[in-house]
Every structure is written in C-alpha cells, then in structure tokens.
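Just below is one structure, and these are the notes that go with it.
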Amino acid sequence: MTKFRLRYAPSPTGFLHIGNTRTALMNYLFAKHYNGDFIVRIEDTDLERNVEGAIESQFENLNWLGINADESFLKPGEEKYGKYMQSQKFGRYQELAEKLISIKKAYRCFCTTEELEKDYEDQVAKGIVATKYSGKCSRLSESEIESNLKSNKDFSIRFLVPETTLNIKDFIKGEITFDSKELGDFVILKTNKIATYNFAVVVDDFDMEISHVLRGEEHISNTPRQILIYQAFGWETPQFGHMSLIVDSTGKKLSKRSGNALFFIEQYKNQGYLPEAMFNYISLLGWSPIGEKELLTKQELISMFDDKRFSKSPSTFDMTKMKWINSQYMKALSEEEYLEFTKKYINTEMFNTKEKSEDWLNQVLLLFKKELEFADQINNHLNIFFNEVDVTSETIEILKTIEEHESVIKEFETQISTLNEWEIENIKSLIKLVSENTGKKGKDLFMPIRIASSSSEHGPSLADVIYLLGKDKVLANIAKVK
C-alpha cells in the first residue's frame, strides 16, 4: 500500500489560530494513525503579505501543542520531495508551466490589467454574475505570440481548461460534480513569474507524494482547478477531503472578531491553557470518535482516528466546553505539576510573592486547584491574601440579609482573639464552637464568618482560608464589617 503522506501548508501571512490548528491536527492524526508522514510546508509566495515572525510562530505553537512535523524546511525528507518553502521553488514552477505550454495545456496571456477589467465590466453589464476570462489569448496565432515576445510584452501563463465534467469523490462530503465551463482559463504563473496558489500547491503535493489532501471546505472551489492540473500532467491525483466550517456561537465563521472566543493559539498559551487540553478539544471540532468519552490523550486520538467520522455540518466552537476540558486537565495534574505551571501566570506586579514563604504560597495556590479553568485565573483569587481589600457595598448588603449576623461575627472575633495555636484543626474546632454558642449553622453561620474574615462572600475551604490569611489579617478584616 502507498505510504500515507499528509501535509499542513500554512502561509506566513498570519499566526496559528483555531482554524488552521484544526487542519494541522487532523492531518497529523490521519498520518500517525496509518504510520504515515506528517509534513509542514510553507506557502510563502505572497511576498507582500508575509508577516515577519509568522513562520517561527507557526512552528513554535505547533510544537507546543504536540503537533510535530516529520518533515519541514527545518527537517527535510528525501531530496526527491523538493524544497519545503515555495519561495525556494520558483524555478520548478516556471519550468512546469512552460512544459504545459509545450504540450498545449496552457498559453501565454498578454492581456493588461486594464483590458481584463474592461472585459469583466462588460460581462457584468450583460448580467453575467460568475465572470471569467474570455480566452482571447488562447486564440492568438504563432506570429502574434512571437511579435508580443519580441516586444517584451508582459505575460502571465493561463491553464487551458478543457470542456469536461469532474466527479470528485470527497471522502468527507461525498461525490461533488463540477462543470469545467464555469471555471474559465485561470492563471498559473503571474506576470512577475510567481506561481499562483492552485498551481504551486499541485506541484508541491506531487513532488512530496502527498496521498491525502485534508483541508477546510473553503477550498472546495479550488479542487476542480487542481485536479485539472493533475490530469494535464498525467499525475496521480491524491484523495481529497474537505472539513466543515468552524463557527462561533452566532453561527458565523470563527474569526478574530468572534465575541467570546479567543482565536489565536498564542492567546490560549498566554492565559494558561494546557497544550494537551487544546489538542483534545480541537480534535473534536467536526470529528468525533466512537463512544461517549470526551477526555482523550494524543495517543488515544491517534489510535481511535477514523476518516469516516468527520461531520458534514458546521462545528460550533464552544468556549465554555474548551474551558471545561482544560479545567479537567488542570485537576489531573499532580500538585507539583500544578504549582510549577500556575506560578508562571501569577501577576507579580499585583502580588508580591517574594515577601511570602514558598510553603505558604504553595498552600494558597493549592486551594484553587479544583476551581481554575485556566492558570491565569489564579490572579482572580489572590487579592485577599496579598493586599488590603475593602468590603464592597454588595457584600455588605448580602451580610445584612442574614439574621443576627452581628452575634456570629462578635462570637467569631472573641474566639479568634483567644486562639493561641494557629492550626487548621483548631480553626475548624473554633467554627464549631461559634455554632454551638450562637445556635447558628449552614449559611447563617458560614457566610458571616467568611465575609468577616476574608472580606468576600466566595472562596474555597473556609478554615484553610482563615489559616492562610493569618490571625492579624483576619482580625483586621473583622474590624471592617463591625
């Protein structure tokens, strides 16, 4: 059987985001499931739009996610596969475009930009919606072509589209039919001698012996042009599969303008998401394994991958689900792993950790291990431990709704003031004693104590919070609500 070789081919015109991560990840799973090769190729022919640092960012974030390339320009494969950056293959594209001219599958187009615009405007005026090239230069005589060349007239190279019906067997969408009459003769080499996307991608996929092309459905319209190029050269066509769109909560295509969803992988990295959780969630966008299990390791996903289980319907990016999956991975970390990871995200300008002991800081951080959705959220919980916090008017109003809260706070203050051995078990016993002495329990007991001791109505284990705040800070906080 032919070896499975799949590729992810980003353009360095932007940074790694959810959409192209899904493409890379699915190609990776597909290749690894069949013990094949996963290739990362750079499509950098759009020189004016290339963004500095984008290539480095792509590789850095792919590696962070665990989507590791078997081949790339950093790790080339066999010499026969050619270069892994399109900007290093201009000669190859030009040579093959000229070959198509020699076998009458392409021709030089000498039309100027102004002539083309006029032609398209005339078509629109006639009510033609899907405008296309008229084919004017395909009818030039040899002498006319020679004359234009001698005059050094600029030309592009256009593919001569044959009249045919293409039946494409898409392994996700099923059979798709195209009438080539709708395409028009398209440019494969621009006047600046740079190959267009549809031509370069076919040459690259052929050179690299790509067996399957798995990509987003926005590329479906490119597929007939690419297949025609394969056929013109007499090359074997890879299998094509087009994944459904990823949409946001409003049903629009996910983009950097989508409301509550982060778009770029770097944003998730900076907020303290775990790469394993990101890998897990993104793998479930438009694809599903057999069974109900949602938390899956990379190795499990490789083993379970099935190219017949892609969805034909759009997949909604659910930020709540993303956070939930990450929280499960956070909970699964060992205490040592959790502490090492979370400390990287503490805002040290807001919270002076150097003034505190390592043991105390560890205990504070561990209070929130089961509560964090992502590591940066730790900063939402540290204020009461590091800084002076005023009790909000909203919190005071909550306190007022609890009958006889004053007596609970007074008794709590009395017991705290006389507590000599500051230990968690002693604090638990103290709270129990306050309950016995006031006859209060449940919310009527714990809410006044929590607000009085921590200036907040929310938090983890009450005794742990009181212990870590320390006696002096607790007494100072009580004074704020008396």
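From the backbone N, Cα and C atoms, a Cβ is placed for every residue, glycine too.
Taken residue by residue with DSSP, Lys256 (ATP binding site) is part of neither helix nor strand, so it is coil. What Swiss-Prot lists as ATP binding site is Lys256, and the listing cites sequence analysis.
According to Swiss-Prot, the feature motif ''HIGH' region' maps to 10-20. The predicted model assigns the motif ''HIGH' region' (10-20) a mean pLDDT of 94.
What Swiss-Prot lists as motif ''KMSKS' region' is 253-257, and the listing cites sequence analysis.
Sequence-distant contacts of the motif ''HIGH' region' (10-20) (same chain, at least 6 residues past either end, Cβ-Cβ under 8 Å): 40, 42-44, 46, 49-51, 54-55, 57-58, 61-62, 216, 246, 254, 256, 261, 263-266, 282, 285, 317. Residues of the motif ''HIGH' region' (10-20) grouped by DSSP class, helix first, strand second and coil last, total 3 helix, 1 strand, 7 coil.
If you draw a 10 Å sphere around the CB of Lys256 (ATP binding site), it holds 13 other CB atoms from the protein chains shown.
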